Amino acid sequence: MVAFGKKLKERQIQEWQGYYINYKLMKKRVKQYGQQIQLGTLDRRHVLKDFSRMLDNQIEKTVLFLLEQQGHLASRIAKLGEEHEIIQQEPRLSRIAELQEAYRAVGQELLKLLFFVEVNAVGLRKILKKFDKRLGYKFTDYYVKTRANHPYSQLQQVFKHVGFGAVVGALSRNLHELQGTQESQGSFLSIYDQPTLPLQDPVIDSIRAAVDRLTNSTNFLNFLGKHALIVDEELPTSIDEHADDQRYHFMSLFLNLANTFLYMVNTYIIVPTADDYSMSLGAAPTVCGIVIGAMAVAQVFSSVYFSAWSNKSYFRPLVFSSIVLFLGNAMYALAYDLNSIWILLFGRLLCGFGSARAVNRRYISDCVPLKIRMQASAGFVSASALGMACGPALAGLLQTNFQIFNITFNQDTLPGWVMTIAWLLYLAWLWITFKEPSRENEENNIAHQSNAENSALEKGLKQRLLISSEVKVDEDADQDNDDSEEAPEESPQPANSIGAAYRLLTPSVKVQLLIYFMLKYAMEILLSESSVVTTYYFNWTTSTVSVFLACLGLTVLPVNIIVGTYISNMFEDRQILLASEIMVFVGILFSFHVIVPYSEPQYICSGLLMFVSAEVLEGVNLSLLSRVMSSRLSRGTYNGGLLSTEAGTLARVVADATITLAGYVSVSSLLNITLMPSFFICLVSIIATCYTYNSLY
């Protein structure tokens with residue numbers, strides 16, 4: 001592969017070359033700064049001032065050209081609007097078709113301009129990153145902080161793309177009106193008097209996708225889908241999209257979502273009764289921490305082998321998962337009659353070894369077409385949230401006690417038996433209806449991609465569609481090789497080991513993984529010890545605990561709707577991130593047993609605040625994680641989804657172990673002891689967020 005600077009230059013539009021930021025010149029200047037500082041001929045303040053001025057000039061050049069081109073587009077739309085008015089008076093199908101094509105031509109020019117902005121934004125991020133790495137300064141923090149909201153700075157024009165929305169709206173409205181004129185001549189209704197329907201036009205769809213990608217704007221589905229951390233490595237070519245369509249099978253996707261739902265039910269259905277089950281087998285009630293956490297311990301290992309297995313098959317891992325979960329739940333249920341805490345724990349471990357969430361994620365990422373991938377990702381998160389709510393609710397309904405053939409069915413064992421039957425039915429459904437995607441397209445991917453790129457160079461619009469994807473892949477491939485300005489670089493292949501994946505973690509990524517660890521730890525402490533704590537302080541029954549936990553789970557979707565639809569459009573992700581961390585911290589603080597007596601309103605309100613804030617935090621955290629993570633972590637066994645899953649699973653393991661260990665000290669001190677690590681980890685994550693705040697853009 002050629003160097004990033006050369007690759008960036010190749011993607012530039014020839015007639016606009018003079019208006020791009022001069023990445024090569026700035027890279028040379030950074031090299032000169034390094035040499036001069038070593039010789040002692042330059043000081044830090046001079047370097048910062050000189051390079052800041054250079055960046056300001058480069059950005060201003062780009063922004064002024066951007067505004068000029070937007071003006072040209074607006075003028076063309078205004079002229080077409082005059083023709084549109086004439087056609088409205090005398091509609092003729094041939095003239096309508098010609099005007100539609102004229103509007104689409106403007107749309108293609110707008111798409112060209114959008115990718116011009118994206119190339120410049122990528123180059124700007126890259127040179128800031130190179131400056132920090134070469135000179136050891138936190139120049140990115142300084143530059144973003146001083147320019148982000150300054151009235152004289154043009155930086156926000158590059159990253160916020162002011163004015164594009166108006167042009168997109170004008171194009172969409174006129175094309176929609178022309179389409180309506182074709183379909184219903186003689187109607188006196190305008191598009192504003194009819195139900196809002198999305199305009200089905202390939203040019204408008206491409207523009208909207210480009211705008212969404214550039215501005216990082218989110219709606220509910222986008223926000224919800226980020227919880228799944230299904231990261232796209234690049235925009236597909238037409239051949240890639242066709243391959244996805246061939247591999248996609250709706251029932252197979254639905255089975256993956258069903259697997260996610262059942263696994264989450266399986267995880268949380270035992271939470272309300274785990275302490276009672278432990279005591280019935282002669283153990284302390286706080287052993288429930290080990291019982292609940294055993295599943296997470298096994299999941300640490302199962303996530304890796306399922307992720308690797310999904311490189312070869314999706315069907316076989318799901319079959320294996322169903323069989324293991326069937327056996328694990330049967331052992332969990334039989335432990336009561338066998339009077340063995342070890343069989344109980346082994347059953348839960350077996351359930352953890354059946355966690356196929358890595359397979360579910362990979363199926364959505366690899367086999368679902370791009371046009372519905374965000375909906376599928378949102379479905380993955382919704383299935384998880386619904387399972388989380390249904391698990392405790394179902395446990396609350398299983399309040400009975402009877403025997404059949406000396407096998408006991410009560411509130412402790414019925415969760416195991418119910419899930420045993422559920423996984424058996426799922427296995428039969430999976431065996432009959434799942435369709436294994438073809439791997440032929442993956443094997444020929446390199447040849448197809450090469451053909452697609454050659455074809456795209458001959459077709460104007462397709463060439464522009466490839467700009468952003470190739471630049472994005474190449475962005476993380478650039479290595480700091482100053483011996484040659486255009487030195488060959490390492491190919492951006494997926495990380496093939498834990499060590500390789502770790503080396504790709506920048507400070508921003510590490511902080512986001514720490515935040516994910518913190519929020520999962522806090523949530524696990526709240527959920528897993530709820531039965532013990534509420535029984536000790538308030539004498540709650542299993543049914544009451546089940547209702548409380550189910551209500552917490554049911555807040556997930558409404559909260560994400562509010563955040564994804566409204567709050568995320570009012571504030572930046574990093575602002576929501578920091579505010580959510582602070583709210584989690586406040587929730588933890590108010591959960592401590594300081595005031596005597598400890599009241600139900602205090603526990604419920606603090607727990608609700610902590611849980612809801614953690615849910616908001618999770619969505620924003622994974623959204624930022626997908627943005628700051630290297631594209632090399634978007635594919636392969638050791639991908640970003642696996643890393644976040646491992647961080648969250650380790651947090652659950654540590655939390656459940658903390659509950660059990662704290663229980664041996666004193667049940668009366670359980671709440672405060674388990675909250676103390678949450679308090680300190682949350683505080684550290686807030687400080688770390690402030691430290692990397694200006695790199696989260």
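Glycine residues also receive a Cβ, built from the backbone N, Cα and C atoms like all the rest.
On a predicted model such as this, the values are computed, not experimentally measured, just so you know.
Here's what TrEMBL has on this protein:
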DOMAIN    2-145  domain 'SPX'
TRANSMEM  253-271  transmembrane segment
TRANSMEM  283-306  transmembrane segment
TRANSMEM  318-335  transmembrane segment
TRANSMEM  341-359  transmembrane segment
TRANSMEM  380-402  transmembrane segment
TRANSMEM  414-432  transmembrane segment
REGION    474-495  region 'Disordered'
COMPBIAS  474-489  compositional bias 'Acidic residues'
TRANSMEM  544-564  transmembrane segment
TRANSMEM  576-596  transmembrane segment
TRANSMEM  608-628  transmembrane segment
TRANSMEM  673-693  transmembrane segment
Could you tell me whether the transmembrane segment (673-693) and the transmembrane segment (608-628) are in contact, taking contact to mean 3+ Cβ pairs under 8 Å with a sequence separation of 6 or more?
-> no
Per the 3+ Cβ pairs under 8 Å rule, pairs at least 6 apart in sequence, do the transmembrane segment (318-335) and the transmembrane segment (414-432) touch?
-> yes
Of the listed stretches 253-271, 283-306, 414-432, 544-564, 576-596, the one with the highest count of C-beta pairs below 8 angstroms to the transmembrane segment (673-693) is 576-596
Maximum Cβ pairs under 8 Å to the transmembrane segment (414-432) among 253-271, 283-306, 380-402, 576-596 is reached by 253-271
Secondary structure composition of the domain 'SPX' (2-145) [DSSP: H/G/I, E/B, coil] = 126 helix, 0 strand, 18 coil
Would you confirm whether the transmembrane segment (341-359) and the transmembrane segment (283-306) meet the contact rule of 3 or more C-beta pairs below 8 angstroms, pairs 6 or more apart in sequence?
-> yes
Confidence over the domain 'SPX' (2-145), expressed as mean pLDDT on the 0 to 100 scale, is 81
Per the Cβ under 8 Å criterion, with at least 6 residues separating them from its ends, the transmembrane segment (380-402) contacts 224-225, 227-228, 230, 256-258, 260-273, 360-361, 364, 408-411, 414-415, 418, 542-543, 545-550, 552-554, 556-557, 560
Same chain, outside the transmembrane segment (283-306) by at least 6, Cβ under 8 Å from its Cβ: which residues?
-> 266-267, 270-271, 274-277, 317, 321, 341, 344-345, 348-359, 524, 528-529, 531-532, 535, 637, 642, 645-646, 649-650, 652-653, 655-660, 662-664, 667, 670
